[in-house]
Every structure is written in C-alpha cells, then in structure tokens.
Amino acid sequence: MSSVVVVGTQWGDEGKGKITDFLSENAEVIARYQGGNNAGHTIVFNGEKYKLHLIPSGIFYKDKICVIGNGMVVDPKALVAELSYLHEHGISTDNLRISNRAHVILPYHLKLDGLEEERKGANKIGTTKKGIGPAYMDKAARIGIRIVDLLDRDVFAEKLARNLEEKNMLFEKVYGVEGFRHEDIFEEYYEYGQQIAKYVCDTSVVLNNALDEGRRVLFEGAQGVMLDIDQGTYPFVTSSNPVAGGVTIGAGVGPTKIKHVVGVAKAYTTRVGDGPFPTELHDEIGDRIREVGREYGTTTGRPRRVGWFDSVVVRHARRVSGITDLSLNSIDVLTGIETLKICVAYRYRGEVIEEFPASLKVLAECEPIYEELPGWTEDITGVRSLDELPANARHYVERISQLTGIPLSIFSVGPDRSQTNVVRSVYA
C-alpha cells in the first residue's frame, strides 16, 4: 500500500495541480477530498493547457481511476460543463467515480453566496461566489441534498421543496430579493443528475479496495492549509479542511492508511482575496513577481497578492498536516532579484514569535523578521538536479527546507511538467 496526500502549505495557488499531475504518472488512483469548483488548477497535457475546477487532474490518463470524494460539494451544472469540455478535447472520462455521499450545490447556494458577500461590505471574506460556503452550511445544518438524493426523482423533489421554503423566506425577508420556484430548478438539475449517474458509487469502497490491493493512491487537496476552516486565518478561510487530515473524513479512508504527505509551496507567497498576509509586498518587487509568475487566479482571474516566503506559515502547515515531503515550486520566478528575503519569525510588541498566531488582531500587529539571501541571475529553467542550480539558488532552496523542517523531495523551475525535478521519491 502506498498513499500520498498533496496539500498546499500556503493560501492556495502553490502549484498543487502541476505536482499532482506529475505524481499522477506513478499513481493508479487519484482522489479529491474537499472543496468544490472554487479551486482551479491548470494542467499542461500533450502541449495543451487545460483548466479544471472539479475533476482530478489524473483524468488525462486512461488507466487511472479519478475520484470526487464525499467531502466535496459538487455543482452539477459546473460538473456537466467540465465533462463536456473534456469530451470536446477527446479526453475520456470513463474512469471518473463520484461519491454518492457528496453534497450538491444548487442555484440558491450561489445566490446566497453573492448576497451575503455584498451584505458584509468592508468585512467581506473574498469568496469566489461559487456557493461553496452555503452548501457546507446546509451540510452542517443537516438539510443538504446529496448526490444520492439528486438521482432519486421523488427524494430530490421533496427535499428541494422543503429547502426552497426556507431559502425563499431568507431571500424575501432578510435580503429583500425574489426567491426561486421549484420548477426553476427541479427538471434542470434532475437531468444533470441523470447525466452523471453512471459515475456515481460509494467511493470509500473504491479507495479502500485500491489501498488494500497495494495500489498507489494519490489524494489531491484543494486550496491550502492557511485556508483550512480550523487551522487557517479564520474567518478568511474556505469552508472545508484542506489539511491532510481532511482525507480521512472527505474520502472515507482511515488515518492509518496515509503514508506520505507532500506539502507544496511556492518559493515566495501569494494569496487571493481578503485576509492577513504578513509578508505581503506593495512595491516594484511584488509587481515584478506577480507579472513574471503570472499570478492571476485560475478560477477568478483576480490578481494575486504577492509576498516573500514565510517559513512561519509553512512550519504551521507542516505541524497541522504532518507533512513529510516538501515540493518547492516557481523558483525560476525569483531569478534576477538581487536580494531575496525569507521570513523566519514575527515580532509582536517586542517579542519574537515563531509559531503562527490564532488571533488576527495579533497577526495584524506582527512584523516579519527577515533573513536576507543573495539572489542569482542565471537562467535556471533547464536545470534538472540540485547540483545544476547556481550556488545562490541552491542555498535559497536548502535554507527554506532547513527553516521549515521539511525534507526537499521535489523542486520546480518552470510551469511545464518537464521542469519538475525529483530529489527523492515520495512513493518510497
């Protein structure tokens, strides 16, 4: 049995899609365990770029099973569109499996997401407005509609009617807007359910059988540890658990079956949306990193906020996710910057803090303590091993590994999968 979990160690957008795609080559099953179509990943396959939001990136390999786990929230309309997009490009989806226990995002979730964000005004979270939060709210309130319900015409009709009664009262009395009629949603979404029915099963059985048979299973996290609802910068977080522990709940696989946890980080830090960001840059260097690194959201197109690498953040991610391997991406983006900085700790009211604080009030007053390192000017995009890196680039990479306490297993010097280099196998 060999299982690997891929998690983001920062605020998402660390390049997990590319690393998952790279590791998928040696995996037999690839599964997502949380989130929904709020997560976007770009995959380059046969020289062509694909953008996926729901379906695991292993779908491009005909011999691999791809799983949408029970911990995900699925927008059936978005899923059917993504399936069509893949079919139009000649990509088979026969090996897709969708959990019958995953929850469904419906039009009222999308509407609520947008209205609630507007209502918050200056206190908005920076949601992608994909209905993720409201769908997880219904799940926690035990009124959610699951995939298994969507496939049963009578059950779906009854649950939808009950939910619309409550949601329409909310729309009309609280937000002062028109609600939905049953017929606005029912037939369209029931039909989406029928279109995906052939993929639906108990995915926990699929995954556990694969592990028991000794197959290599790769679990693909979305977002990042700092967006985890428990361990992230709450409330500026997602509504699920991207941490590695989320696999046990969101995929139905016991904790004893997780062997390796790969933490993916950029050689700098980015964040989309609102919330604290201690090492954020508001200068020419920040603008340069954003442009060279093409730091714009896959899902939203929004420019990402950019900052120096923060080892306090990644150490926190290591601890709460049990990270065993570091995958460091986008090292090439820093080429040409004369002096690089790594945050090693925070200073709060004269005191040095080495662990990430829970209080956003404290965090807002924290000043990053930086270690400066010399940059490099050499082109590193063709580098294939640590030994080939210029001395300063290698020192920078190794210093990040030292400061975070995570052994380096993979490093990347460009967006293409051929620019991804293995230092040690994560399947060992």
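These residue numbers are counts, starting from 1, taken along the chain as shown.
Cβ from N, Cα, C; glycine included.
It should be emphasised that the depicted structure is a prediction, and the values quoted were computed from it without experimental measurement.
Site annotation for IMP in Swiss-Prot covers D13, E14, G15, K16, N38, A39, G40, H41, T128, R142, Q223, R302, and the matching candidate from T203, T238 is T238.
Ranking the binding-site residues G12, G15, G40, G301, P303 by C-beta neighbours within 10 Å puts G12 at the top. Counting in whole angstrom, D13 (IMP binding site) lies 9 from R304 (substrate binding site) by their C-alpha atoms.
Cα-Cα distance from V413 (GTP binding site) to H41 (active site, proton donor): 18 Å (rounded to the nearest whole number).
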